[in-house]
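*Asks:* OK, TrEMBL features for this one:
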- Gly46, Pro47, Gln48, Ser49, Ser50, Gly51, Lys52, Ser53: GTP binding site (BINDING)
- 36-251: domain 'GB1/RHD3-type G' (DOMAIN)
- 1-680: topological domain 'Cytoplasmic' (TOPO_DOM)
- 704-717: topological domain 'Cytoplasmic' (TOPO_DOM)
Amino acid sequence: MANNHCCSTQLIDGDGTFNVTGIESFMKEVKFSECGLSYAVVSIMGPQSSGKSTLLNNLFRTNFREMDAFKGRSQTTKGIWMARCTGIEPCTIVMDLEGTDGRERGEDDTAFEKQSALFALAVSDIVLINMWCHDIGREQAANKPLLKTVFQVMMRLFSPRKTTLLFVIRDKTRTPLENLEPVLREDIQKIWDSVPKPQAHKETPLSEFFNVEVTALSSYEEKEEQFKEQVANLRQRFQHSIAPGGLAGDRRGVVPASGFSFSAQQIWKVIKENKDLDLPAHKVMVATVRCEEIANEKYATFSANEEWCQLEEAVQSGPVQGFGKKLNSLLGACLSEYDLEATYFDEGVRSAKQKQLQEKLLQLVQPSFLSALGHIRSGIVDKFKDVFDKALNRGEGFSLAAKNCIESSMAQFDEACADVVIELADWDTSKVREKLRRDIDAHVASVRDAKLSELTSSYEEKLKEALSGPVEALLDEASGDTWSSIKKLLRRETESAVSGFSAALAGFDMDEDTRQKMISNIADYARGVVEGKARDEAGRVLIRMKDRFTMLFSHDTDSMPRVWTGKEDIRTITKTARSASLKLLSVMAVIRLDDGDTDNIEKTLAIALIDSSSSNVTDRSITTVDPLASSTWEKVPSSKTLITPVQCKSLWRQFKTETEYSVSQAISAQEANKRNNNWLPPPWAILALIILGFNEFMTLLSCRDSYPCLPNSFQLS
């Protein structure tokens, strides 16, 4: 566990003397030997007075001496100091190196700076390279020469140990880190590529020696709170830094903690014996600083130029005539002024800084250039939509109209791009052109889909109108040739629709598979209309059956209402009416639209529902199989089933129950009619009346109470 106590000591003094006693005491105090391989070493290098000690103290809660800003820039750290980081796991040792390019040592005494930097790279798992944001891209100020020398010597002195180089960009400007980092990484790779390598490392990539990481911090003096917040976030990356995926997660050649002191002494000894290192020439350094000052001045002048500001503002709101010509003139004038003032400085540095200025200027104007292209693209898209719609409204074929309008619009874009081109940039407009083409293609596809959908809906509506009513009427009649008639109707209407639909599709450019699929969908829709109507009618089959029964039972062959006089055979009439209703049920039971559709459903229903009820079963002990005790019909797939056998049985039971009343009413009416026809006296009374005469017959009736033997039928009322 890391304690909260910060322990520090000077490892190497300003004269290059290794403090053996100090490091031994330090190791004991922090119990470093007990760490085994679970420790990390972090060091920092960079220009003098660049805030290295301040960064370490804020990052690791150490107590290195910091520069007093009110006393001016001067050397505060001499030699190499080391301290135990507070609150970091695993145990982490940090080394604060003397700043480079310090005036105290002078231009000629730079050997110690190089040696200390090389030492830091050799013993550290993570090396922080402190650098100013405005130094990025500088040939000298960004520690390039120092890194170049260190890379070369390190390959000769040490085997690769996978050190992590964490470049800390200080006083970050508004330039995004994602723009700064590629430049810095490219510079580092160039240094590596330019370093002469021994035979053993001729093909060794930079990644074999180093992991390169980049981060950026705001100004400590101007944005202290933001600086501390960013440092706090950076501190989290040092927690468990040696774990897989950590900053030093793939380090190699780690020395056990108990041998670190001796190892560090030997490394420093080897470094001290090699003194062939030097810093860049003074002439190049001066040229670097001055040319950058001139470039920054010209950039600021251009940014504040009134003509540029007006052009930038105008292009944000809409297209600007002659945009490219105006901007090219402004850029050329700015670069000419730079060349005039920097003409006497080192040619290599001057050219490099001129290139950087040009890149910055182009980066500044690129958003306006893209805005100009955007206005061109959006204007052409709007114009295309209008022209394309007019072509379609004139009756021009869809594919032909699309082809002609697209070719015209792309030619207009190419012509308009010539007016906004920036000569220095050589920017590729192909991406905007591709975006324009995608927008146009998307609109064409959208209109195409809408037209096809409208066409499809039109034919579907025609099919629905042509099929729904006739199918309903045919199913209502429900005869032996009902499904045959429906098939003929479906075939006729489908062929008619497909013919017209296929002709309409000829104006659309599509592959044969797509065309056939759309035609097939129309045919499928027609079949779906028929099947859907059949399913609807199947849901009302009970009502249809009762209506058919009522019509046949209650009306004679001339469709006149029946009068139950007593002469009618109600049993036969009932059976006929029920058979007709059963016929309707059998027709509605399944869909029969395919040529091979055959079934014996009507026979099965007749046997199970009519014949079985009329036959007399004398021996009830004999068990018979109910053909309707099933959820499927024989040889009929479930997809074609409208009413299952068991549903038919249930519907028939309900049908009989609800029609039984009509039958009983007819029987009652017939019996009543018979009684009404029996109002005449019996034959013996008529004979007596004839023989005796009316008066004598009435006397006989008056005496009936005295003669109970007379029959009751003698009464006339």
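Placed from the backbone N, Cα and C atoms, the Cβ positions cover glycine too.
Keep in mind that this is a model prediction, so the values were computed, not measured.
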*Asks:* For the binding-site residues Gly46, Pro47, Gly51, work out the Cβ neighbour count at 10 Å and name the residue with the minimum.
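*Replies:* Minimum Cβ neighbour count within 10 Å, taken over the binding-site residues Gly46, Pro47, Gly51, occurs at Pro47.
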*Asks:* Looking at the binding-site residues Gln48, Ser50, which one has the fewest other Cβ atoms within 10 Å of its own Cβ?
*Replies:* Gln48
*Asks:* So which of the binding-site residues is most packed in, judged by how many other Cβ atoms lie within 10 Å of its Cβ, out of Ser49, Ser53?
*Replies:* Ser53
*Asks:* Tell me, what is the mean pLDDT of the topological domain 'Cytoplasmic' (704-717)?
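*Replies:* 45, rounded to a whole number.
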*Asks:* Count the Cβ atoms, other than its own, that fall within 10 Å of the Cβ of Lys52 (GTP binding site), considering every protein chain shown.
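*Replies:* Excluding its own Cβ, Lys52 (GTP binding site) sees 28 Cβ atoms within 10 Å.
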